Each structure stands twice: as C-alpha cells, then as structure tokens.
Amino acid sequence: CCHRRKHGEFSVSSVAEFSPQSPNMESHQERPEPRWSVGSSSSLHYGSFVNSLASLTPKTEEQSAISPKRAYIAVTVLCYINLLNYMERYTIAGVLSNIQTFFKICDSTAGLLQTVFICSFLLLAPLFGYLGDRYNRKYIMIGGLSVWLGTAAGSSFVTESQFWLLMLLRALVGIGEASYSTIAPTIIGDLFTGSQRSIVICIFYIFIPFGSGLGYITGAGCAKLTGDWHWALRITPILGVVGLVLLVFLCANPPRGAAETHGEGVTGKSSYLEDVKYLLKNKSYVWSTCGVTALAFLTGALAFWMPTFLARNCFRVLTVLFCLCSLDSFIFGAVTLVTGILGGALGTGLSRWFRDKVSNADPLICAAGMLGSVPCLFITIFVATSSIPATYVFIFFGELLLSLNWTVLADILLYVVVPTRRASAEALQITVGHLLGDAGSPYLLGAISDAIRYNAKDATQNWSFHSLKYSLLLCPIVGVLGGVFFFMASRYIAEDRQAAQQLTEVRPVSSFLL
C-alpha cells in the first residue's frame, strides 16, 4: 500500500525504512500530528520540512558523532583562525599614521579603509550564511580563508600611487571574514551542547579582544622593528597559511545538529526567504539581535572616540603623571583586552550558574550588563575633567560589564535557532548589528560633536573637548535601550528554546504511529 506525500500523507515503505520495528510491517497506521514548532496546527512548519518525515529522520548511513578529541582539535583550529582574523583587522590601525604618510592622505580618506572593509563584510555575511546552511561549511571557510590570505598579503605590496588598489584589497579581505564569522560558531554549536558549549563559545569569543589587542601591538611593533609598515601587513598572512593547513587537515565538519542528535544530524531544505521568516517569528532572536545592535553601537563608538576624548582632556587636566597623551590609545587598548577576557569568562560563569535555576537567566545577564554599564559610562564622561585615574577605573568597569554579553549572546543564538538555520541567523545578526551599530556610531557621534562645536561661540580647544563629551552622552542612552531589548528577549527565551529543541530532537518514527 503506497500513498502520495500530500496533505500530511506518507508511504508505509518510507516509514518502514526508518522505523526501528520490523521491516515487514505492512499495515498502514495513522500518525498523530507532531508538534515541532510553536504555533503549528496541522503539520510541521519548518521550510520544506512540511509533511516530509524522511527529511526529519536522519539516515542510518549518516556519520557517527565526532569524538571529543577531534572536537577539541577543531575548536583549537577555529580559535587560532579567529585570533588571526581580528589581528589582521586591527593591524592596519596600528600603522595607520605610517600609511597616511606613505600615501599622503587625510584622516577622512584613511577612514575609508575601514569603511570599505565593513561594507563588504556586511554585504557578504548574508550570502555566506545562506551557503553555510546548505553546503559544506568546511569548504566554504577554506575558500574564504584563501581569498583572505591572498588579499591581505597583496595589500602589503601596493605602491605609493595605488591607494585605490589598497582600498579594493581591503574590501576583498571582508570575504574571508564574512565566511568565517558566520560559519565557525555554528560548527562549534554542532560539536558541543549544554554547559560545555557555553565554555567553548566563551573561549572562542575571548580571542576577539585578545586578537584585537595583538593587532595593534603587532602592527606597530613590526613597523618599528623593520622600519617598513608593509611588513606589518605580512605577519598575519604568514601565520594564516598555518591556519589554512590546520583547517584543511584537522577541522571536523559535523552534521548540522550533531551535538543534539548524537552525531546523526538534522537535514532539510528551505529557501532563504523561509529562513528569514522563521527568524523574524523567533521573538527572542529578534529582541536579542536588537540588543546586539545596541551593544555594537556602544563598543564601536567607545573604541573609536574614547582615546581621542581622553587625549583632548589631557590639555585640561594638570596631572603630569597621568597626562601622557601618547599612551592613551595603548592604555585604552590594554583595558579593552583585559576586560574582554575577564568579561567573557565572567559572563559564561554566571550563565552556567543561573541557567538551571532561572530559565531566562541568559538575557537577564545581558540586560544587567548593559544597564550596569550606563552609570559607569556616565561617570566616565564627567569625571574625566577632574581625575584621569578615576576615569580609567570607570572605563574598566563599564567595559567589563559590556563584555559580559558577547559569549552569552552567542550561546543564546545557538540554542534558540534550529541547526539548519544557525548560519543564516549568525549572518543576519552580524549584518544588522554592524549596519545599525558600530558601522555608523563613530560617524554619528563625530557629526554631533562637530555640530556642537561649530555652533559654539568660542570654537577653541576647550570646546573641542566639551563637544565630544556631550556627544558621548548618547552612549548611556543606547545602553538603556539595550537593557530593555534584553528584558524583552527574556520573556520569550524559554519558549523559543523549547521550540528549537523539539525541532532538533531525533525521535523514533514509531513514536508517530498509533
């Protein structure tokens, strides 16, 4: 007896193929309607999973679970490449003054080097998210990393008359970063689960501030050691060749959902539009993405303007010991590196401690971090005129509280989104977070500062400091909004997590039979 798969019908032969019962089962039995998604009425609404039992049940020939040893080796490789990604991103900032002198360009033109990189990163992230949910993720990362190595190394050979080529190559570097940033966290999500995944994600994201700090140090150090800024841009590509070899031979490519299904994985076909619709209906994902955007706005604005703010303040504070303006960027970078590491570890620890006690603990931790940073940022802005040491103390605690969020947010995305759509979710969150966050916040604060200074009656050095101080007041306001966004996410997190788990679980086919 054979039936067409239409309107919820399916063939007995397909059931027998996957059922743990005898393959000679001949009687066609009616199955109850599975409840795999919130709001599902008569069938499973998950892209092309609808009415397709075979697509939900893993095939018997699927590969077994990745061994713990291979999983840890893969994570080590991914962390190493993540370190190099952020080293390369900020190496050019460490030798920016050398580049300006070499090409004879002004500040606004030099700033375009970062702008074109971010633009290409934003445009390509959704594409790699789409590909990462449908094709071999390891091959995609290998291809992206190869392009990244070639363009990063090529940018170090640009001549004085080819600044346009340097900009083009910086834009192409975004290909490698977009392919890696959207896919690597999803592989980690398929290698580990539960508290173990939280720890691994924490380690992975700790390499972001660590790599950023090393980028500044490596860039400036290589330029000083060799006397040529071009060598600063060659270090990460050389190290990247090692990363590429390790990625090819040592990085595992687990089936999507392998951690939750004991290595068997979850498969399914859906269009990108269906993926986006699914994500937009996931309320905790939407609200946490809004929170990520607010967090990116804050961190981007502070990283860009705070050293300048402190340097301008040095002209007003009569403290010889702490007014070494040339050290402001170094000190702020060191604070960012330390708080990034401590904040990531602390956030993961709090998440593990409270998650079993409070079902919506993770977004509440993020909300507490955002709201707790608000008074620290506010005090930092106004205490700078009287005490530089106190200013750095409040910067430290403000950034520490903000850094609580990064690893927790990455974990939230992995457990509220089904495995076959995690890469698209990562890509969409990256795009929105950068586009509405750190891509525009430095310019917005600069524009506000310019408007205040130009409208002042006395546009002196004094007003140059005050105008920037008043523009920075936008940061605490955004911090409050971010806290509200995370509180909203906490209302739906338990429901959305349960829905994702139901879609990911591998249940015996016989459980659908009466």
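Note that Cβ sites are derived from N, Cα and C of the backbone, with glycine treated the same way.
Remember, it's a predicted structure, so these values are computed and weren't measured experimentally.
The compositional bias 'Polar residues' annotation in TrEMBL covers 15-26.
If you look up TrEMBL, you'll see 15-39 marked as region 'Disordered'.
Within its own chain, the transmembrane segment (71-92) has Cβ neighbours under 8 Å at 99, 113-114, 117, 145, 148, 152, 170, 173, 176-177, 180-181, 184, 187-188, 191-192, 200, 203-204, 207-216, 218-219, 232-233, 235-237, 239-240, 243, 246-247, 250-252, 254, counting only residues six or more beyond its boundaries. What TrEMBL lists as transmembrane segment is 71-92 (among others).
According to TrEMBL, the feature domain 'Major facilitator superfamily (MFS) profile' maps to 74-494. Taken together, the residues of the domain 'Major facilitator superfamily (MFS) profile' (74-494) have an average pLDDT of 83.
Here the transmembrane segment (112-132) has long-range neighbours at 89, 92-93, 96, 99, 140, 144, 166-168, 170-175, 177-179, 181-183, 186, 272, 275, 423-428, 430-431, 434-435, 438-439, meaning same-chain residues at least 6 beyond its ends whose C-beta is under 8 angstroms from one of its own. Annotation source TrEMBL lists transmembrane segment at 112-132 (among others).
Summarising the annotation, TrEMBL assigns transmembrane segment to 139-158 (among others).
Long-range neighbours of the transmembrane segment (164-187) within the same chain, counting only residues 6 or more positions beyond its ends whose Cβ lies under 8 Å from a Cβ of the stretch, are 74, 78, 81-82, 85, 88-89, 92, 103, 112-113, 116-121, 123-125, 127-129, 132, 137-138, 140-141, 143-149, 151-152, 154-155, 158, 201, 204, 251-254, 256, 410, 413-414, 419, 422-423, 426-427, 430. According to TrEMBL, the feature transmembrane segment maps to 164-187 (among others).
What TrEMBL lists as transmembrane segment is 199-219 (among others).
The transmembrane segment annotation in TrEMBL covers 231-252 (among others).
Panel annotation: around the transmembrane segment (285-306), residues 279, 332, 336, 363, 366-367, 370, 373, 377, 395, 399, 402, 405-406, 409, 412-413, 416-417, 425, 428-429, 432-434, 436-442, 444-446, 468, 471-472, 474-475, 478-479, 481-482, 485-486, 488-489, 492, 496 of the same chain, lying at least six beyond its termini, place a Cβ under 8 Å from a Cβ of the stretch. Sequence annotations record features per position, and here TrEMBL assigns transmembrane segment to 285-306 (among others).
Taken from TrEMBL, the feature transmembrane segment applies to 318-343 (among others).
Among the features that TrEMBL reports, transmembrane segment is placed at 364-384 (among others).
TrEMBL lists 390-418 (among others) with the feature transmembrane segment.
The transmembrane segment feature in TrEMBL is assigned to 430-448 (among others).
The transmembrane segment annotation in TrEMBL covers 468-489 (among others).
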Spatial neighbours of the transmembrane segment (139-158) not adjacent in sequence (6+ beyond its ends, CB under 8 Å) are 81, 85, 88, 128, 131-132, 165-166, 169-170, 172-173, 175-180, 183-184, 230-234, 236-237, 240-241, 243-244, 247-248, 251
Three or more CB pairs closer than 8 Å, sequence separation of 6 or more: does that hold for the transmembrane segment (468-489) against the transmembrane segment (199-219)? no
